[in-house]
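Peer 1: This is the structure, below, for whatever I ask next.
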Amino acid sequence: LTGVLDDCLCDIESIDDFNTFKIFPKIQKLQERDYFRYYKVNLKRPCPFWADDGHCSIKDCHVEPCPESKIPVGIKAGSSNKYSKAANNSKELEDCEQANKLGAVNSTLSNQSKEAFIDWARYDDSQDHFCELDDERSPDAQYVDLLLNPERYTGYKGPSAWRVWNSIYEENCFKPRSVYRPLNPLAPSRGGDDGESFYTWLEGLCLEKRVFYKLISGLHASINLHLCANYLLEETWGKPRWGPNVKEFTRRFDPAETKGEGPRRLKNLYFLYLIELRALSKVAPYFERAVVDLYTGNGHEDAESKALLLDIFRDTKSFHMHFDEKSMFAGDKKGAKSLKEEFRLHFKNISRIMDCVGCDKCRLWGKLQTQGLGTALKILFSEKEIQSLPENSPSKGFQLTRQEIVALVNAFGRLFTSIKELQNFKVLLQQTR
């Protein structure tokens, strides 16, 4: 892969250099910090679109939830979305509760009213979300240590896995049913059509819809790269050996094996990288405020985490070939607003499809990466709200929950890992020739 990407003015070589020498070591370090390694997720939500066809019984599909005792006190206190240490200070919370008990006004609410308020708040919050968010208060939601549950090949494949991706592409990428994606095993026989009619259709779309397809394709390519790079090569005496599988990589991406489709998929991976990189550079002012803390309860570590995050933001701003999101939704106001809402609802639907993934580990990483991309889109479409944030108080105009922050950083971490692994496969392929 070389040269300039479609729909933007960035070349692949610039991204490779920036990723390897500027971003890779810093993001890797950030992901190991407590604030970013623990992700709360509900892996038991039922599939809303079709009857569950059973969960993957392969042991590598299993996700080990984190014991409560391992979660840093500042995260599991339930106040981890608060903005400062003061907001998490238990003494202040006790004083507040005591003052409420002494108050003369009866401020009690019926359970019915409380539920209504929660529903209203959830509705209000959902208006700028591109993802269906897990309810963190659900008894089925558990903390997972991402470092102990790495994304890798689990053996989950076949019709069940294909049905998930097929539903994403066929029903959520603005695609008419008469246009078939290349190499789709679930599509009917297409005769002499080698997939070029699909790309003719794609090029005829407006920029926004073309971008949407590329983001999904890039996410798919990234996930496939992780599986090829962390493949179960052999298991002797109960000791598994994981590593890069060149044969599997070739099967999924080689031009000869994929009728020229593989390089297009990889270009879409770079495009997705650019979109999330742009979001990181745009959200910097939100975190630069003193009122925002990455709070875990360990003051020294929290300060170091924030300093490292701000350092990464400075690097993202220094990149000179950013995607220009202003070119999107730039038509007449009414049409642009309608298209943006359609864009948001399509993506929200994709986040719900992740609850149909039968392998728990694949579901975990699918949900996290989808939420990370959804958070990036939310940031890109909230530029005015971010620029007008108050310095010393939380903003109602734009907020990020801890879950969104963790997903954003780790989803980008998966993309820079994909691009790094792609460099490794280039070397391995040269060695085997």
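Backbone N, Cα and C atoms are what each Cβ position is placed from, and that goes for glycine too.
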Peer 1: Looking at TrEMBL, which of Cys356, Cys359 bridges to Cys362 via a disulfide?
Peer 2: Cys359
Peer 1: Listing them in sequence order, which of the binding-site residues Arg152, Trp165, Ser217, Arg252 have their Cα within 10 Å of that of Cys359 (active site, nucleophile)?
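Peer 2: Candidates kept after distance check: none.
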Peer 1: Calculate the distance in Å between the alpha carbons (Cα) of Arg152 (FAD binding site) and Cys61 (disulfide bond), and round it to a whole number.
Peer 2: 9
Peer 1: Any same-chain residues 6+ apart from Arg252 (FAD binding site) with CB under 8 Å of its CB? Would you list them in sequence order, or say none?
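Peer 2: Same-chain residues close to Arg252 (FAD binding site) (Cβ under 8 Å, separated by 6 or more) are Asn224, Cys228, Thr258, Gly262, Arg265.
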Peer 1: Please name the residue among the binding-site residues Thr154, Ser217 whose C-beta has the most neighbouring C-beta atoms within 10 angstroms.
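Peer 2: By the 10 Å Cβ neighbour count, Ser217 comes out on top.
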Peer 1: Between His220 (FAD binding site) and Cys61 (disulfide bond), how many Å separate their Cα atoms?
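Peer 2: Rounded to a whole number, the Cα-Cα distance is 18 Å.
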